[in-house]
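According to TrEMBL, the protein carries these features:
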{"type": "TRANSMEM", "residues": "54-73", "note": "transmembrane segment"}
{"type": "TRANSMEM", "residues": "85-106", "note": "transmembrane segment"}
{"type": "TRANSMEM", "residues": "126-151", "note": "transmembrane segment"}
{"type": "TRANSMEM", "residues": "172-190", "note": "transmembrane segment"}
{"type": "TRANSMEM", "residues": "202-224", "note": "transmembrane segment"}
{"type": "TRANSMEM", "residues": "245-261", "note": "transmembrane segment"}
{"type": "TRANSMEM", "residues": "281-304", "note": "transmembrane segment"}
{"type": "TRANSMEM", "residues": "350-371", "note": "transmembrane segment"}
{"type": "TRANSMEM", "residues": "383-404", "note": "transmembrane segment"}
{"type": "TRANSMEM", "residues": "410-431", "note": "transmembrane segment"}
{"type": "TRANSMEM", "residues": "451-472", "note": "transmembrane segment"}
{"type": "TRANSMEM", "residues": "484-508", "note": "transmembrane segment"}
Amino acid sequence: MDARIPQKLRDFCDQNSRQLLDWRDSLSLEPFRSSGKRARIRLVMAGSSSLPKIGVVTLAIMNVTTVVSLSVLPSEAKYGPTAVFYYLVAAFFFLTPVALVAAELATGWPQEGGVYRWVSEAFSDLWGLIAIFALWLAFTIMFPSCLIYGASALAFAGPDLRWDEALAANKHYVIVVVLLLYWAATLVSLRGATTVARVAKWGGVIGTILPAALLVFFGVAYFASGRPISADISWKRFFPHLVDLDSLVLAAGVLLCYAGIEMNAIHVTQIENPSKNYPKAILGAAVATLLIYALGTLTIALILSPAQIDLTQGLLVTYRDFFTLFGLTAHGMGVDIALALGAFSSAALWISGPSCALAVVGGSGYLPPFFQKKNAQNIPSRILFFQGALVTLLTLFFVLMPSVEATFQLLNQLCTTLYLLMYILMLAAAIRLRYSQKNTIRGFTVPGGLWGMWLLAGCGIIVSVAAFFLSFLPPSQVFIGSPILYSAILLASFLAALSLPVGLYLYAKPAWKPRLA
């Protein structure tokens, strides 16, 4: 190395040689003018100069659109005001830590792979495989329940409530519509990130933000009118009964309501003064998300008693009741179609993201060559088709079960356990990397140094671990038959899901690793 290069810079390059090699193809040297006599060179991330800057409000809206899902409101509305307590705890001790930690990881290791890259850098490829497969399987399991909600919304677009409810409960109708919606979303995802972003943007605004605002408006108007309410909204109902473990199971699912906040962390490099403005965007998104969830949940609880709340139709019945009460029945169809559009756009967004991250596993030699093929838009098409086959089988299993609500709850809890495992590994990786790769360049760092990282990531880990174990308990609010059998099926399903990445790691063949051109 040139002797004129300062010793500190040489030491830094030696310590970060792996990261610099990873960035080699994404960095360029550009000359720029200066007032001094010497020519200067600046290091530019390829394409970054052409990327438009994102404002604080824009990033906050992106996070709200990504995270908020109105389909989860009925399951939490069974709690009444207690749900608000859970939303607050999850927002402070889970949502905020995950968002800030993800921003540090995304700017320190901006290469493709996301959580797989982060966890592998901190621990090993095996743990990275477990993390990314937990994420991918969680979304695969989530699709049927998300799209069944979309199918129910389309059914409720009809003029007769009794006929609509019967159609929404018809298993043949649900199977056909769910599969049509899913495969249509898959075709959109195969068109590339630009098409997905366009669909997700408009679908999120029309199918999530506007219906959420309308629901909150109805709730405030209903409460102000002095009509009878179904929920006890006194302060004594705000705090949960911590000794009743069964009632805490659905509360553990609140963390899943905030899932996905880490996906937008990569955009932190497009913000002016990220160390100051990114926390502002996260705070704004957290407050908006909290208000939508809290007020939306209370709105359902105001008009429906816990016994009347159905996990798949509760939100739709609430909209229908409000439109009837306020003499706006003719306009209900538009909201139902908008909700279905929201479910469709969410599916399109979440099909491509985790699957593209999973494709990076193939580049590391842990996927058979068959699954490493990408189309002209650089989308791992065969992974998407394989995921579609799994979703099709899950949908058939889901809909053909005798108790749809119990199966809905089982899949949601399995999805929660897998997603929480990924978050536990991600947060632990952030702490580990502060020690093992402390000199790695980070465009954004969690405030407070090591103490700040331990505080935020530690809070997230504690909350996630507690919710993880609670998720294996059967819920008391949903009839599930034998509690022991229910928990056994859930645990067996979780272990079966983990066997996939472990098996790929143990039996990966050298021929699976792509050859460099």
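For all residues, glycine too, the Cβ spot is worked out from N, Cα and C.
Contact between the transmembrane segment (350-371) and the transmembrane segment (54-73) is not supported: fewer than 3 Cβ pairs lie under 8 Å, counting only residues 6 or more apart in sequence. The transmembrane segment (281-304) makes contact with the transmembrane segment (202-224), as judged by at least three Cβ pairs under 8 Å among residues 6 or more apart in sequence. Proximity of the transmembrane segment (484-508) to the transmembrane segment (202-224) is not established, fewer than 3 Cβ-Cβ distances being under 8 Å for residue pairs spaced 6 or more apart.
Same-chain residues lying 6 or more positions outside the transmembrane segment (410-431) and placing a CB less than 8 Å from one of its CB atoms are 75, 94, 97-98, 101-102, 104-105, 115, 118-119, 121-123, 127, 130-132, 134-135, 137-138, 141-142, 144-145, 249, 252-253, 255-256, 259, 262, 394, 398, 446, 453-454, 457-458, 460-461, 464-465, 467-468, 471-472, 475, 480, 486, 489-490, 493-494, 497. Only sequence-distant pairs (6 or more apart) were considered; of these, fewer than three Cβ pairs between the transmembrane segment (451-472) and the transmembrane segment (54-73) are under 8 A, so the stretches are not in contact. Below 8 angstroms of C-beta separation, residues 63, 67, 76, 79, 114, 118, 238-240, 251, 254-255, 257-258, 261-262, 265-266, 268, 274, 278-279, 282-283, 285-286, 289-290, 293-294, 297, 423, 426-427, 429-430, 433, 442, 444-447, 453, 456-457, 459-460, 462-464 of the same chain, each at least six residues beyond the ends of the transmembrane segment (85-106), sit close to that stretch. Within its own chain, the transmembrane segment (172-190) is flanked in space by residues 143-144, 147-148, 150-152, 154-155, 196, 199, 340, 343-344, 347-348, 351-352, 355, 375, 377, 379, 381, 384-385, 388, 391-392, 395-396, 399, which lie at least six positions past its ends and keep a Cβ under 8 Å from the stretch.
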